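Features reported for this protein in TrEMBL:
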{"type": "TRANSMEM", "residues": "7-26", "note": "transmembrane segment"}
{"type": "TRANSMEM", "residues": "46-67", "note": "transmembrane segment"}
{"type": "TRANSMEM", "residues": "79-99", "note": "transmembrane segment"}
{"type": "TRANSMEM", "residues": "162-183", "note": "transmembrane segment"}
{"type": "TRANSMEM", "residues": "189-208", "note": "transmembrane segment"}
{"type": "TRANSMEM", "residues": "289-319", "note": "transmembrane segment"}
{"type": "TRANSMEM", "residues": "386-411", "note": "transmembrane segment"}
{"type": "TRANSMEM", "residues": "417-438", "note": "transmembrane segment"}
{"type": "TRANSMEM", "residues": "447-464", "note": "transmembrane segment"}
{"type": "TRANSMEM", "residues": "470-490", "note": "transmembrane segment"}
{"type": "TRANSMEM", "residues": "532-554", "note": "transmembrane segment"}
{"type": "TRANSMEM", "residues": "560-578", "note": "transmembrane segment"}
Amino acid sequence: MQQLTSLDIGIIAGYLILTLLIGLYFSKKVSSNVSEFFLSGRQLPWWIAGTGMVATTFAADTPLAVTGLVAKHGIAGNWLWWTFVSGGMLTVFFFARLWRRAHILTDLEFIELRYSGPAAKFLRGFKAIYFGLFINAIIIGWVNLAMYKIVSIMIPELNPELVVIFCVLLTTLYSGLGGLWGVTITDTIQFVISMVGCIVLAVLAVNAPEVKAAGGLTEALPGWMFDFFPSITTGAQSGTINGALQLTFASFAALAFVQWWASWYPGSEPGGGGYIAQRMMSAKDEKHSLLATLWFIIAHYCLRPWPWIIVGLTSIVLFPDLPADQKEDGFVHVMQALLPPGLKGLLIAAFLAAYMSTLSTHLNWGTSYLVNDFYKRFIRPEASPAHFVVVSRILTLLVALFALYITFFVLQTITGAWEFIIQCGAGTGFVLILRWFWWRLNAWSEIVSMMTPFAVYAYLSFFTDITFPYSIYIIVLVTIAVTLIVTWLTPATNEDHLKKFYTITRVGGVFWKKISNQLPEVQSDNGFGRLFADWAAGIILVYSILFGTGKILFGTLQEALLYLAVALLAGSFIYYDLNRRGWSNLK
């Protein structure tokens, strides 16, 4: 097995030194207050804020996960995450500007901006600890395990545990020093490195001697692996036909029409939230917030996956005998088999970049919850701005150490935790979206929408044979029903509090008439019909670019031109509408 050369080591070392220098460069700038530390002073241009979102979702485990889907179900297997486009576009046109307009530091601060009373206070504090520490540590741990696997295969001469610990501590250092300024600038560089590395690997993969000898990928593999769409059946069960992904109509409908708006999942929260909301709130203004999120969705679905998909297909040709539970490792095996000295260092640096980008964002985001929504809110509200920056740096380190503990001593024993968290978020999205647009929802609505899915999931798991994705229908319906009942049985949010929220956000809509009628001087948003048209056009735009790019890569140019023509029309419609409304009105 080929070991790293001096050139490889030099490339990797150069990348690591660069990230540390960026953190040092911004350390003084972010030391003044937590707005600089957690939101870059709300001065990020759209292309940096949006690229930071893409880089964070890149992660070290994502190429491996896509490889596993492709190896098992072909290209159509990616519909398990392609269905989230609708939710992403909803965030672009309905929520990106609202998050920036709210002028808050974290999305949890929104809770007490929108709701009033002890329930709102409890909800904010609980979510700060639950998401900022525990859920965040599980997510970081999951990414750490992926990096552990990559190091084990690519650099077997090194202890993977020590490599992961070193990377976590280095990332903690530069993100703790540079705050979100350091994180976002390194994110941008890391995204470029990651994409270049994966594109280089994809080019080498399709030109591998074994692939060329078979006449190319399309000749070496069965045709169903290149189908962009799963087979939809009217049968009772989903599964495969000769390996091709087959979904019942009910299963596909649950994924395509329900899950994207109903379920909470990290990084794709309905209505925005988490580190996505953090980047929207860090943008220069509402225009940059909208454009950043639009760029993120396009890059996330259209640019990132195709190099991974090509490498995933190649891994089947080069390593056909990999066990089913190791198909994801095919991506790393292709790297090990095809990369010459220098390029091997580049690809390892690319994976380090993807990994450290995700890690740094989660450290900064999780710490923002612990500082702004717990420590500052409940423990030391009157402390100086500089004090909170010091506390932020200390907590960044503590979160990193806790995540390492979860990685090595807990996570490997609860491998189903990720799926459990996602399913238990079903139904929560209803409140996360509607809390912006309906005055009657209160803090108890959100609390119940978080609790009910856990109870319904437990009942379905222990007392029925109903499994995912069919279970999502029941969980969502019960959660919505219980939430509405509790909403009407509990007192509404204080009316003066609602007036303050409405004045700040100017959200508009018929479900705010009770409040807006009392505030005729507030110029609220309108034109929701046009926003829905932009939303639909955005969905068409992303899918058309996604499939058009794929058709180009596999040589079907006539179909590619058709897809790209549709994308051009959809993009032109969005541009025309935003231009007609006036770009200055988006600020």
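Keep in mind that glycine also has a Cβ here, set from the backbone N, Cα and C atoms.
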**Asked** With pairs closer than 6 in sequence left out, are the transmembrane segment (79-99) and the transmembrane segment (7-26) joined by 3 or more CB pairs under 8 Å?
**Response** no
**Asked** Taking 46-67, 162-183, 470-490, 532-554 as candidates, which has the most Cβ pairs under 8 Å with the transmembrane segment (447-464)?
**Response** 470-490
**Message:** Checking distant contacts: for the transmembrane segment (46-67), what same-chain residues at least six beyond its ends satisfy Cβ-Cβ under 8 A?
**Reply:** 78, 142-143, 145-147, 149-150, 183-185, 187-188, 190-191, 194, 198, 267, 275-276, 279-280, 282-284, 287-296, 299-300, 303-305, 308-309, 311-312, 315, 327-332, 351, 353-355, 357-358, 361-362
**Item:** Cβ contacts the transmembrane segment (532-554)/the transmembrane segment (470-490), at least three under 8 Å, sequence gap 6 or more
**Value:** no
**Request:** With a Cβ cut-off under 8 Å, give me the same-chain residues at least six positions beyond the ends of the transmembrane segment (162-183) that come close to it.
**Result:** 16, 19-20, 22-27, 29-30, 36-41, 52, 144, 147-148, 151, 155, 278, 282, 352, 355-356, 359-361, 363-364, 389, 392-393, 396-397, 400, 403-404, 407
